[in-house]
Amino acid sequence: MENMVLHQRSQERKKPDGAGAAGLEQLQKSSPLSHQAGQQELLGEESCALEKGEQLGPGDTSTLETAEPGKQLLNGTGSQGLPEQEEMPKGQDPGPAVLDGDGNVASGEEIPMAFRRATKGDTEPSEQGRNEEALMGELSELVHKVVKSSTWWERYGVDNCIIALSLLILPAGFLCLRSDNALPFLLGIFILGIVHYTVAVKATHLASHNALMESKTWGKVWAIFFIEVCSAFTVEQGIYNHVKIHHAYTNIIGLGDSSSWKLPFLNRYVYMFIAPIAIPILTPLVALDLLRNVKLATALRTVCCMFLGLYSHYWLLLNVSGFQSVWSALLCMLMTRSLLAHPFLHVNIFQHIGLPMFSVDKKPRRIHLMSLGVLNLPRNILLDWSFGHSLISCHVEHHLFPHLSDNMCLKVKPIVSQYLKKKQLSYNEDTYMSRFRLFLQNYEKLMVYAPPITELVGIQ
């Protein structure tokens, strides 16, 4: 009942009128994820942070005149951009820009007429805000020293080696499926499933953050390969949704609150045990629906890459593994692509939902937002290999420094955890089974009703 009251109160917030309402309408039309990002009003100042943990400024207010354009992984990421804005009347606030996952201003993604009133605090941060900036700056300096002293092998080589080894054992998986014995056949299913999630989750996630290598050009190539060919999704929409929305607005209601994972019409048992099996089927269908928001050339490239990846998998099952019928090959594809679908779904909801949620005008600065709204799970050999450390045991570190690779997130984990605990900031950790029981017991509260808005008062 308390959740329903809070939800009703959040719905009764004063909506923008005049220029603000027009800006919201324009944002909803321009954003490639308008059906998600347009759910809430955009209020409040946005934090800007330079990538790779260098001089991150969580308290800086982004403006169209002073903010450095964010570095995007792909040209044309997100929508095609907004129309040119007319000159603003004197004294009218142009509003903040859309941020990418590092808090940088995303070029081509400006939000016109963002719905906040200019205040003296925009140009003169409060003492608390300056203290929070100092905290993030100090932590960033500590992490930057570790990154700078690390070798290429530590920064990129370890994760690239894991991805390469996974691809190298792929032929063994197809050959094992030729066997009539149950044990080799099941081994083949296991190998193909592990390889699929290593390239479709770990490699895709790193590619979306440009954390696979230093070269932007090759980063773009590998992003298309891993996201579109291997994962059957679209690069532009995937990066926009994950980097520019989820990371920039972590646990902000209506933006990065992980609500896209909620299916309120399903009961707890169907959602937690049966629904994950449908993820391999739903993923390309959702991608095709999202292609309505991109250019025709981009849509054609994505469709071709998705077809290449899916048909190659099907062809190899018929011609290498020796499957005799279409349906048996399709069933095997579903089995391998859903092998780790359950932990994949669970991890995505365990690490954010159930933690403090904020309205955009009441959200804390970056270091508090990420320490409060993100949770680490314990290390697990299988999930660490397939999903990566940044999605399992180093998720807090990943949200604070998104451009670090999985191995570097693991390396800076002791520094980040000790620093946050030393400064008496939150550092959320819990076990997989503990979170599983929590969601199973409180499914309606966490996954059906709107999350309560948390207002931070007197943070020291």
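From the backbone N, Cα and C atoms, a Cβ is placed for every residue, glycine too.
Record features, source TrEMBL:
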type	residues	note
COMPBIAS	27-39	compositional bias 'Polar residues'
DOMAIN	183-429	domain 'Fatty acid desaturase'
REGION	1-106	region 'Disordered'
TRANSMEM	156-175	transmembrane segment
TRANSMEM	181-200	transmembrane segment
TRANSMEM	221-240	transmembrane segment
TRANSMEM	269-291	transmembrane segment
TRANSMEM	298-316	transmembrane segment
Checking 156-175, 181-200, 221-240, 269-291 against the transmembrane segment (298-316) for Cβ pairs under 8 Å, the most are found for 221-240
Of the listed stretches 156-175, 181-200, 269-291, the one with the highest count of C-beta pairs below 8 angstroms to the transmembrane segment (221-240) is 269-291
Sequence-distant contacts of the transmembrane segment (181-200), meaning Cβ under 8 Å and at least 6 residues beyond its ends, amount to 162-163, 166-167, 169-170, 172-175, 226, 230-231, 321, 332, 335-340, 344, 382, 385-387
Across the domain 'Fatty acid desaturase' (183-429) the predicted model averages a pLDDT of 94
